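**Student:** Please read through the structure below; I'll follow up with questions.
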Amino acid sequence: CKTSERKSRGGKAETWSRGAAKEKTLECGQIVWGLAFSAWPAAEDGDTDPACALGLPCLVLATGLNDGQIKVWEVQTGHLLFSLLGHQDVVRDLSFAPNGSPILVSASRDKTLRVWDLSRDVLFPSGDTFLPSPGRQVQVLSGHVQWVYCCSISPDCSMLCSAAGEKSALLWSMRSYTLIRRLEGHQSSVVSCDFSPDSALLVTASYDACVIMWDPYTGEQLRTLRHVPLHSTLDSSSEIHTSSLRSVCFSPEGLYLATVADDRLLRIWALEFRSPVAFAPMTNGLCCMYFPHGGFIATGTRDGHVQFWTAPRVLSSLKHLCRKALRTFLTTYQVLALPIPRKLKEFLTYRTF
């Protein structure tokens, strides 16, 4: 694998540290199905990697490929850090641990999820000695009977949700790497999942045209958002199942959801309502993702485009900020055990808004 660079059209390219703009191509040699970014720890003394010579964390990009490989790249230089081998089919999705630890989870059409430790100092046995490992496979998670489409690690790094071509999503422990429970409630294949920023909520999207909001700690269904097609936006000659959902994601502050469906609409939902608060017309939509600091949504399409949309901005209320702060470190069971009024417990567990 190699990296090709071109100077920006603005003139003479400068070094990265001076803010140069370069077009960069990572030659993966295979169709790329999944992508995930993460920060990389700063180099230790004696590390000759030029990108870490500044003593700062580096940005890395993991790519999931058509042949089952995962290639992890250093973005600044285009240097290939790891080639992770183990999957037997397409790597469909990738998710780094949100807490900055070098843990990567991959989802594949081989019906498994794999957990990888990309620590610089990981060692593996070789005869009587231990040698540095180029990315170590920690665990293989088996339980799906169909292709695994999506995986999402909770922001507190305690749970992992995976969605396959099945009517249920699987919830795993990231501490013991065991199955916690099956989330059953959809009537068709679950294709997308995402955790709220405080890890207190989990949403799943399905071909049955519904988004279900779950309490991941109890497995309880909190509410269902149903996609009702707006017929005026549809082409009557289309043979697409117009209500099939493709993707769902939380906004950074945790008050909104974005969904993409085959009815050619991007929808924005406020958690306290059961109907969308905003629409945007789009065609061939497959996925959506909020900008990390809010205000914008990126959508990916079948025809090779990424589109950007202005999203509703909101100033979080004090009570929501308090709930978010508490739920970041309190499970549902811990909240229910608090000596506080019932209505306050219902608010803190998202039974009310």
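Cβ from N, Cα, C; glycine included.
Values in this document were obtained by computation on a predicted structure and should not be read as measured data.
Per TrEMBL, domain 'SOCS box' is recorded for 317-353. Annotation source TrEMBL lists repeat 'WD' at 61-83, 84-119, 141-182, 183-224, 238-272.
Could you give the neighbours, burial and distances for every feature on this list?
**Tutor:** Same-chain residues lying 6+ beyond the ends of the domain 'SOCS box' (317-353) with a Cβ under 8 Å from its Cβ atoms: 155-156, 197-201, 213, 215, 217-218, 222, 253-255, 271-272.
Along the repeat 'WD' (61-83), the predicted structure has mean pLDDT 88.
Mapped onto DSSP classes, the repeat 'WD' (84-119) shows 0 helix, 19 strand, 17 coil.
Residue counts for the repeat 'WD' (183-224) by DSSP state, with H, G and I taken as helix and E and B as strand, are 0 helix, 24 strand, 18 coil.
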**Student:** Near the repeat 'WD' (238-272), which same-chain residues lie under 8 Å Cβ to Cβ, leaving out any that are not at least 6 residues past its ends?
**Tutor:** 191-198, 201, 203-211, 213, 225, 227, 229-230, 278-283, 285-294, 297, 299, 309, 311-312, 314, 316, 320, 324, 350, 353
